[in-house]
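Listed features, source Swiss-Prot:
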type     : residues                                                   : note
ACT_SITE : 151                                                        : active site, proton acceptor
ACT_SITE : 158                                                        : active site, proton acceptor
BINDING  : 13, 14, 15, 16, 36, 37, 38, 62, 63, 89, 158, 187, 188, 189 : NADP(+) binding site
């Protein structure tokens, strides 16, 4: 019997990460759930996924720390011996005006949102190439290409993530590893609750999205599912914007 493929989704205890992990499990992947603080939510997600008949590994790791990344991938190798899909979803950030930002705010955000992709991708590639390749998909946001209030650290980190996606796509292609990103418009998740202007963002999305509705978690996950399929093999180094057309109206 063919061994189940394995997918790692960072920051997968809730929101888009949780939904992506569940979708991949529905497609038969064994799942690695990663969390930094939400242990209870991570275990609940694992229990939900196990009911789908696949194996689950839960790993606590702050992906902003390369040493923790190495430990996480060592656990993946020991448990599953392979990795086929890596969804780089974990994100954090300090939401303040430019003049109020401190070095610690910058470093925290860049480490988790940008540096993590590089060092996770290095470790993921080592496992993926043993089984003929794989897919890496990162989650970005529109703040990478347009101004959002108090979003400086996150926006810059997501711009770095998208640039790194292009470099990884070229350099990992010889290993048959396909790298892309998905950038979403405003989605009503737990993460958005940290925004002081949350209601303004949601109302803007409701009123000014050409598609006539807000982007939902399912829309993001549908795109991730497509990008890790063979149907998307000729899409490389791209950031697919899933915003219902909102970014077209400036």
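Here the Cβ of each residue, glycine as well, is placed from N, Cα and C on the backbone.
Keep in mind it's a predicted model, so treat the numbers as computed, not measured.
Residue 63 (NADP(+) binding site) sits 21 Å from residue 151 (active site, proton acceptor), counting Cα to Cα. In the structure as shown, the Cβ atom of residue 36 (NADP(+) binding site) sits within 10 Å of 19 other Cβ atoms.
Counting only residues at least six positions away in the same chain, the Cβ atoms of 93, 95, 143 sit under 8 Å from the Cβ of residue 151 (active site, proton acceptor). Counting every protein chain shown, the Cβ of residue 38 (NADP(+) binding site) has 17 other Cβ atoms within 10 Å.
Take the CB of residue 158 (active site, proton acceptor) and look out to 10 A: across all protein chains shown you find 27 other CB atoms.
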